[in-house]
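According to TrEMBL, the features are:
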- 69-215: domain 'Lipid desaturase' (DOMAIN)
- 31-52: transmembrane segment (TRANSMEM)
- 58-79: transmembrane segment (TRANSMEM)
- 126-142: transmembrane segment (TRANSMEM)
- 148-169: transmembrane segment (TRANSMEM)
Amino acid sequence: MDLKMTNNTELKQKQFIAAMELYEDKRIYKLFGKFISTVNISLQIIIAYVVIPINIGIWWQVFSFIVAYFLTDFINGLVHMYMDNNENYKSVAGPLIASFHLHHKTPLYKKNNLLLVYFNESGSKIWLSGFLIIVSIVMSIFNINRIILYIILYFSILSSVAEVAHYLCHGSNTRLVIFLGRSHLLLDKHHHGRHHIEDNVNYAFLNGMSDPLINIIAKRFYCGYKNTTDKHYAYYKGKGTKNRGQA
């Protein structure tokens, strides 16, 4: 059994390096990220333009925001869980999957303006583009409940804000960021630190409120990343990704 696991790890390590060579050599993968960022933010703006003029009252606004906040933390956490345990490097998306795993190898981001972080990190959210395209089509055909529209709007924006929260968690020690983390308004460093120190826990990254639920799901469906995908980049010596570089 151990020999089989060793052979599989060695195979995945070779596949990982091959996938990253494609990622580094083919400019299309970087351009694709910019394209996804543009789609996501353009649709966020369009949905905001349609929804903001709709009046639902302050208390329904608060309700919509709180619901969207939890859904954002939970759904983005589930996607993170799926990607951290994804080792399908030979697929069409293989280079993107491999590059995603490097955030465990090099957790610290390169310093950037927060608006640029918002734009660049939205490029990893292919699923969000699909969701927003479908939502935009449905909105143009059907009369959707006003509260649901606001939940969708807040969810779409907060999904990109979650990437900024993750960036700040790893790269900022300002009093404001520490306060927001300790207040559980954004991702807390100690809470998220468990994701990197331990195994198969704390995938959420807006503020981590949904982690108790996600941890149950992760334990049920995955064995963890420490002895699987985290080992696949062991011999990788390439350039890394533009937002982090190489460790």
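Here, residue 1 is simply the first one shown, and the rest follow in order.
Any Cβ shown, glycine's included, is placed from N, Cα and C.
Helix first, then strand, then coil: DSSP counts for the domain 'Lipid desaturase' (69-215) stand at 103 helix, 0 strand, 44 coil.
Only residues 6 or more beyond the boundaries of the transmembrane segment (148-169), in the same chain, are considered here, and those with a CB under 8 A from a CB of the stretch are 40-41, 43-44, 47-48, 50-52, 54, 56, 60-61, 64-65, 67-69, 71-73, 75-76, 109, 112, 114, 117-118, 121-122, 124-125, 128, 131-132, 135, 139, 177, 181, 186-189, 192, 205-207. Per-residue confidence over the domain 'Lipid desaturase' (69-215) averages out at a pLDDT of 98.
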